[in-house]
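A.B. asks: The GTP binding site annotation in TrEMBL covers 17, 18, 19, 20, 21, 22, 133, 134, 135, 136. Marked as domain 'Tr-type G' by TrEMBL: 5-186.
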Ligand SMILES: Nc1nc2c(ncn2[C@@H]2O[C@H](COP(=O)(O)OP(=O)(O)OP(=O)(O)O)[C@@H](O)[C@H]2O)c(=O)[nH]1
């Protein structure tokens with residue numbers, strides 16, 4: 001078994017696009033860890049979508065061997081995702097390490113997420129190796145970036161490495177610093193097995209491959225293991241390491257990072273953050289920090305046509321094997337037919353699921369407007385959680401409504417502070433908590449804001465306001481009482497659940513008016529006049545009428561503004577034309593997407 005003093009386990013803290021994957025590529029080359037013929041750019045980003053979007057979604061570890069002062073060290077690098085939706089995975093990757101490389105793009109500076117993750121690393125007692133990347137760029141602002149790092153972690157400027165992951169300049173210094181500055185892991189091979197699950201991947205042929213960091217004890221083929229949060233037991237079929245390709249080993253011991261295959265059927269049975277121990281000699285306590293992760297954003301997904309329902313269901317089931325955070329359950333909407341109510345970690349996660357469905361399973365879906373989960377105190381004293389506007393109880397049954405709040409942090413050049421403040425404070429019910437300087441001419445602003453206000457278009461707005469310079473991160477704070485109200489839509493006096501939406505009181509009238517107007521444009525004329533009404537507070541708050549049909553206008557009724565989302569449905573063409581009959585009114589599916597667009601236009 002490897003001497004723990006010759007092991008270093010590290011992760012990389014970097015904002016999206018700051019060059020983490022490129023750095024790992026260079027390290028693999030430098031240490032000749034990958035056969036040059038197999039080496040291709042962004043070796044670690046294995047999923048197609050990751051490569052195309054250039055973002056890391058799944059953490060992929062790699063073990064390299066490095067000669068330093070006549071000793072051979074084993075360095076395990078855990079490549080972590082940088083996006084806010086996947087923060088929990090980042091925090092678990094950190095728990096598997098003793099050190100972290102803090103990598104900052106010299107042309108961008110320290111971003112909000114980097115700050116959040118750096119503090120997380122400090123909390124986890126990780127030793128930091130700070131590096132400024134992309135020093136080869138003409139617009140690299142190396143000194144400025146160094147100052148921002150000094151502000152962040154208070155280290156000496158001489159301790160900040162300057163590298164170019166692209167050209168390889170300075171990369172060796174990073175490896176040396178890892179050996180010198182990061183402490184080796186501790187662990188006792190005689191103690192019962194304690195292995196932290198920091199990721200899991202589903203493989204068609206082999207079932208779930210669990211990525212682990214061993215803290216105490218050891219694990220080998222034939223051992224019976226126990227997943228501590230569920231109590232489930234499995235027999236180990238194989239253990240191994242990442243080279244980065246998977247390579248079987250006899251066993252895994254203290255300090256090591258590797259994988260276990262044990263006939264686990266889906267990733268949900270071996271969740272990130274959980275502890276694996278030996279079934280015969282179990283550890284008495286799991287590793288700290290495990291928490292059940294709950295989705296933050298919900299939306300319904302429909303296939304458009306009933307024929308595609310089964311296919312959608314099967315595809316979601318397959319996706320779930322590999323995406324432990326994806327939640328879904330069957331739902332039915334009189335308007336859109338059978339579908340699924342889905343829960344996601346955030347909007348990016350939602351987008352990735354949609355895209356994977358389209359790309360890997362070739363199934364286009366209609367997604368309804370995303371919303372958060374509300375907590376409702378009923379008049380009878382009971383409490384319930386509701387994430388589907390259609391399932392909101394009647395107003396007279398509600399005593400109080402609570403909605404989730406987050407602490408939002410934004411790093412921005414000081415020029416945009418005013419506009420960001422105005423947008424958040426005036427339009428999104430946010431409260432500025434405080435501001436701090438984050439280097440020269442840059443400010444970090446902290447807000448308390450309802451999650452619902454930032455899940456639709458906020459990120460895009462922030463980018464627009466700041467010309468792409470501001471970055472954000474958020475953490476969940478808790479539920480607070482709130483004045484939100486459900487707007488129900490009645491078409492020809494019939495309520496249409498799929499069109500209902502939850503909004504804050506201050507926007508109820510505006511949104512209601514926009515909704516009825518939009519629907520009156522999208523729904524074709526009929527032989528009779530159709531009233532479209534928006535109802536809230538037990539009364540009608542907005543109304544528009546569709547006039548009865550004159551003979552010559554039918555032809556114009558379909559077309560409409562075909563959105564990007566509808567274009568994606570090209571494959572299911574028939575579905576596009578299909579109209580739903582509700583209270584004798586035929587409603588095109590486009591109309592159901594109107595809610596989504598109104599939501600985007602709220603601000
Ligand atoms: N000029 C220059 N470009 C770099 C350097 N390092 C990375 N890049 C480029 O920056 C872009 C982003 O790099 P990635 O390595 O994909 O970034 P990442 O941090 O892994 O991004 P995520 O996986 O999304 O977190 C790519 O186009 C790289 O070629 C560098 O040192 N110099």
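Glycine is treated like the rest: Cβ placed from N, Cα and C.
Predicted, not measured: the structure shown is a model, and the values here were computed from it.
Can you tell me where each of these features sits in this structure?
C.D. replies: Of all Cβ atoms in the protein chains displayed, 23 besides its own lie within 10 Å of the Cβ of residue 19 (GTP binding site).
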A.B. asks: According to DSSP, which of helix, strand or coil covers residue 17 (GTP binding site)?
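C.D. replies: Coil, per DSSP.
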A.B. asks: Does residue 133 (GTP binding site) have same-chain partners at least 6 apart in sequence with Cβ under 8 Å from its own Cβ, and which are they?
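C.D. replies: Spatial neighbours, sequence-distant, of residue 133 (GTP binding site): 14, 18, 19, 23, 103, 104, 105, 106, 163, 164, 165.
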A.B. asks: How many Å separate the two farthest-apart Cα atoms among the GTP-binding residues 17, 18, 19, 20, 21, 22, 133, 134, 135, 136?
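C.D. replies: Farthest-apart Cα atoms in 17, 18, 19, 20, 21, 22, 133, 134, 135, 136 are separated by 17 Å.
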A.B. asks: Looking only at Cβ atoms, how many others are within 10 Å of the one on residue 135 (GTP binding site)?
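C.D. replies: Other Cβ atoms within 10 Å of residue 135 (GTP binding site): 22.
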A.B. asks: Would you count the other CB atoms within 10 A of the CB of residue 17 (GTP binding site), including those on all shown protein chains?
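C.D. replies: A 10 Å sphere around the Cβ of residue 17 (GTP binding site) contains 15 other Cβ atoms.
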A.B. asks: To what whole number does the mean pLDDT across the domain 'Tr-type G' (5-186) round?
C.D. replies: 85
A.B. asks: Return the members of 17, 19, 21, 133, 135 (the binding-site residues) with CB less than 6 angstroms from at least one atom of ligand 1, or none.
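C.D. replies: Only 17, 19, 21, 133 qualify.
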